[in-house]
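Down below is the structure, laid out as structure tokens.
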Amino acid sequence: MAAYPSSARISSVSLKNKVLQTPCFIFPTSKGTIPHLTPDNINHNEVPVVYFGLEDSLDLLEKSPILNADGEIDKWVAGTPSQSILIAPRRSSPLPSVSAGPHHIQVLTSSGLRKLTNEVYVKAITKLRPEIAIPLNDNPSNAPGVKRKPKMIERSVTWTDELLTVLQNKQLTEKVKVFFPIPNVEAPFLNPLIERFRENDYQQNISGLACYGNLQSIPSELSIYPKLFLRPLLTPLAILQSIHQGADIVMADLVNQASDAGIVFTFSFPPPVEDLQNRKLELAWDMWHNRFATDLSSLQPGCNCNICQSYSRAYVHHLLQTRELVGWIMVQQHNIHVFHNFFCGIRDSIAAGSFLEDTERFERIYAPNFPRTTGLGPRKRGYQMDLTDVQPIENKPNWVQLKTETDDDKTSHMIQKKENAQEFQEPELPERDTTVGNFADTYAAQSENKSGSELEEDLLAELDEIDDSAYRENRMQSLKEEFERVSAAKEKGHMQYLTVESEREVMDLTTSSKRVVIHFFHPDFRRCKIMDSHLEKISKSHWETKFIRIEAANAPFLALKLGLKVLPVVLCYVDASLVSKLVGFADLGNNDDFDTPVLEFWLLKWAAIEKIKENIPQGKKSIMGFKDTKNESEDSDLD
Ligand SMILES: [Zn+2]
């Protein structure tokens, strides 16, 4: 068993009116709201701090009277005075956004992409006065270039300094604790921070570190500060490992994810003493599962939460099956209680000096992951709702009975296709050299006008410039493979934006390529034409994906099944499964003027394309649609 090099420790963080014992967790919320719960059914000892990403309500905040009145955070968020709030610029698991400048970052608000300047952010912090604030920081969601990395550090310092100055002038440094944002960059880039942290103002006014990257990159000189680890941790073991790596506070994203799925926690720490014969204990149970339909025991034997005291598994199973929202409330309350006890156990175990041993035993006796949910979650929430849980219609509409035989054939055909989807999948391709991919993109673009042999000549000419013969050989092989991939994709009808006429064709196409993007359009809708123009551009350079369009009127069955009411709608299929649905321009900033990369990002998020391509033709506009305000120092790793 691999031992963890442990930096686990017990410590505390003093806030305005409470002391946080660490290791502990912070709960992600939407403007202070803990999913499924109202403030009166939360045990505030169990959730002492909630996380609030300002981007969630930035545009509303700017319009509200809050910025002109002092100390009204209780009115602004759904919390209680006993619950401390952490404000950060972005959500805990933000959607991609890449660009930033010397005075702003780009964020995704409830009404689309916006610039958040440090001036507005500092103003919001001084008005809302959260107990913990993470200063504005530049943390692009894709890997930053080498030039960007030192700038990310400089910006963290500049923006933190600006916030500290204002907090000092307003005598708020005791009320608002500042956690310095450490960007996701490698250790050498962080070295300049060591000097900065030796200075008086940082020693006095920085209360912790907000770590967006690897904990082990953080200079040991800064190890005295409490570390809030902001990467999502999806299993209890991942949490234990991050604590061994020095995390003092972690984000509790996994609690919401489990509760949404109707999964109830059954793990504890320290773990039970083993008496298992080659069997692993389950971390959680899927309460949707029929095995609980008549099970009258409590959710978790031995749990003393309010729910386990009074209700059975069969009851919670029934509530989920009948979509009674109280079912999710119960699951969330139990899960928060278990999660809170998990951290109490971690602190006791560290204090007793047995944390390493207990972690190893936890890893040995528990299953590595949560069970897969078999049920349906509650409706998606939040301003940035992703419309992925497109569910089949439960009650058949009456008119189905009036349909012709042919239509029924289509239905059964589609179901059959889905079941056999495996047969049609493209083989997984090995990891590729990204520069080779770029070459292939160029060839893909040129192959519009050139024949295969011409392209191969170009390829060989390109390779002649490389000296190292072994490398050349290797690279030639990769390039040829890549080139064949492009040609094969072309043969399958990729790299063009195809209009199909029948639903049957749509269904066939979703299973014949690994990635398929379908636009349901109306010929007279202006926004459908806008969508067409972007998809047309994207289809030319993303040879890994098939792009098609169908007039919605020609797809009545799909339109009903998928609940299409507003057009345009774009669906993404990966491995023959629907992974996402874009309705109108909701996820593109609700703006008719959006630039192609905004749509490209959305497709990337759902893995409907492999990566962002750099050769998509752009107008005069800047990359994210701020045509008039782009300045020379705007950083985007797409530029
Ligand atoms: Zn319980």
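Using the three backbone atoms N, Cα and C, a Cβ is placed for every residue, glycine included.
TrEMBL annotations: computationally assigned, not manually curated.
Here's what TrEMBL has on this protein:
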DOMAIN    7-366  domain 'tRNA-guanine(15) transglycosylase-like'
BINDING   C303, C305, C308, H334  Zn(2+) binding site
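Counting every protein chain shown, the Cβ of C305 (Zn(2+) binding site) has 21 other Cβ atoms within 10 Å. Mean per-residue pLDDT, taken over the domain 'tRNA-guanine(15) transglycosylase-like' (7-366), amounts to 90. For the binding-site residues C303, C308, H334, the ranking by surrounding Cβ atoms (within 10 Å, all protein chains) places H334 first. A Cβ within 8 Å of the Cβ centre of C303, C305, C308, H334, the residues given for Zn(2+), is found for these other residues of the same chain: S298, L299, Q300, N304, N306, I307, Q309, Q333, H337, V338. Secondary structure from DSSP puts H334 (Zn(2+) binding site) in a helix. DSSP gives C305 (Zn(2+) binding site) a coil state; it is part of no helix or strand.
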